[in-house]
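Below is one structure; the comments refer to it alone.
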Amino acid sequence: MPTTVDDVLEHGGEFHFFQKQMFFLLALLSATFAPIYVGIVFLGFTPDHRCRSPGVAELSLRCGWSPAEELNYTVPGPGPAGEASPRQCRRYEVDWNQSTFDCVDPLASLDTNRSRLPLGPCRDGWVYETPGSSIVTEFNLVCANSWMLDLFQSSVNVGFFIGSMSIGYIADRFGRKLCLLTTVLINAAAGVLMAISPTYTWMLIFRLIQGLVSKAGWLIGYILITEFVGRRYRRTVGIFYQVAYTVGLLVLAGVAYALPHWRWLQFTVSLPNFFFLLYYWCIPESPRWLISQNKNAEAMRIIKHIAKKNGKSLPASLQRLRLEEETGKKLNPSFLDLVRTPQIRKHTMILMYNWFTSSVLYQGLIMHMGLAGDNIYLDFFYSALVEFPAAFMIILTIDRIGRRYPWAASNMVAGAACLASVFIPGDLQWLKIIISCLGRMGITMAYEIVCLVNAELYPTFIRNLGVHICSSMCDIGGIITPFLVYRLTNIWLELPLMVFGVLGLVAGGLVLLLPETKGKALPETIEEAENMQRPRKNKEKMIYLQVQKLDIPLN
């Protein structure tokens, strides 16, 4: 019988010193993904702004106006509800360099009423109420150019989509280690180049390149750590690898507070990727990949190194390692296999919708917080903290209660929290923060559970394909989310939350249509996957009837 890596790790250590060392190193990689995934909150922060009008600054200085008086005297008031504010995107067509203006009410000297004064575009740029800078303030991504901020964030998600779709083949073809080192090098270079980009176009190009490699590198780190540990620890290290990403969120909030200028922030969060190049000497190639390439001797050498690091010794009977042979006819998976049969088709549609919804709500809530929050740094920090209890609740519930009910409940909590936030008055900001944190915790749980359940619902020969196809909807959601958030807030600040609420509640209801996978073996065939929903007693009754039918002709 073939000796597998899992068999050897039972003797050489499934999660001992070596695996803990690898987990720490790869967890650092996971943490540095946070600034790329949600850094738009700080990089693309849009402060209060108004049109710059030549002569206003000089008049304000001559008259000794306070900032509030300058706004009241020289800037149009807010527009009607549901319309973009003229204060931000329009200015009075007035020559403020005239010496006839009075300091008390300068516009009163004009013949026409203030409400009838002609308004024009911001030809001379904007004045931003912020001590720092962002890509919005530097490249004037406001008013007619505000869609360029949406495009900036969508570009990184386009990169995620392309990179994650191709990373499986690349990592299987060239190895995990080479692929990891290549992605971190490109990610580091693109991040630094983005920080010194002279124009919006160059910044957009480097952001797209970051998207192409950053999520791919994060996924390779996930693959590596799960391949280094024994089977009993894979789920746990997978969850804690995502917890490391949450630590990255907390660090990002602190760094962004210390560095309010986007170029320095981008440069600082990109530098650690150069450190990961040292992993060439720290992290070995995956033994499982080496075996798949028939490099058994090299795989055995690495496994002996793992055992030595763990203070273990391998029995002589386990000194030879062979790849398990697949029996039966080899099947070639295709997309049609995901929709050909009724139950698997239902699973595919629900999983795709849940991946999409998880991405939209997760990224959307963070982006909306950047627009609606009073203190962007504290709000971001508090909402990131709730991801820790989310991870521990998953660990406590999925093997006790199951996957389906916690998954459905987390989606519904996220959706209900979004809807509840809409109706909380602005003077109850503390309550709004608590409800928002509940929503963030709910969607974090949903996001992590869909990663787990996706693989458990598909038979072996289409499992990888099913995970890749369904999870690609996560990146599609990320592409759409910036346009959804930033465009809808121009209509009404709370409108995105209403959309998120409906999406989350529907996702929770659809999850209840899926079978429970707790305690069930992974399906090996289409038939097993199709029968997952059926109660066991019905299956036994069907088998009994079949036996009776077979007995009748023999009498």
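Glycine too: its Cβ is placed from the backbone N, Cα and C atoms.
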Next item on the list: Could you let me know which of N72, N97 shows up in Swiss-Prot as N-linked glycosylation site?
Entry: N72
Notebook entry, point to check: Per Swiss-Prot, does K20 fall on the same side of the membrane as L371?
Noted result: no
Check: According to Swiss-Prot, which stretch among 284-288, 534-538 corresponds to the feature motif 'Proline-rich sequence'?
Finding: 284-288
Item checked: Distant-in-sequence neighbours of the topological domain 'Cytoplasmic' (172-177), which means Cβ under 8 A and at least six residues beyond its ends -> 220, 223-224, 227, 279-280, 283-286, 289, 292-293
Notebook entry, point to check: So how many other Cβ atoms are close to N72 (N-linked glycosylation site), meaning within 10 Å of its Cβ?
Noted result: 12
Note to self: Quick check for me: are there 3+ Cβ pairs below 8 Å between the transmembrane segment (209-229) and the transmembrane segment (376-396), leaving out pairs under 6 residues apart?
What the structure shows: no
Note to self: Should anything in the same chain at least six residues away from the transmembrane segment (23-43) have a Cβ under 8 Å from its Cβ atoms, list it; otherwise answer none.
What the structure shows: 134-135, 152-153, 156, 180, 184, 187, 191, 210-211, 214-215, 217-218, 221-222, 224-225, 237, 240-242, 244-249, 251-252, 256, 262, 265-266, 269, 272-273, 275-276, 279, 282-283, 363, 366-367, 369-370, 376, 380, 482
Next item on the list: Determine how many residues of the topological domain 'Extracellular' (436-441) DSSP places in helix, in strand and in coil.
Entry: 6 helix, 0 strand, 0 coil
Check: How about the transmembrane segment (465-485) and the transmembrane segment (349-369): at least 3 CB pairs under 8 Å, pairs 6 or more apart in sequence, or not?
Finding: yes
Margin query: Under 8 Å for C-beta pairs, could you tell me which stretch among 151-171, 264-284, 349-369, 376-396, 495-515 has the largest tally with the transmembrane segment (442-462)?
Written below: 349-369
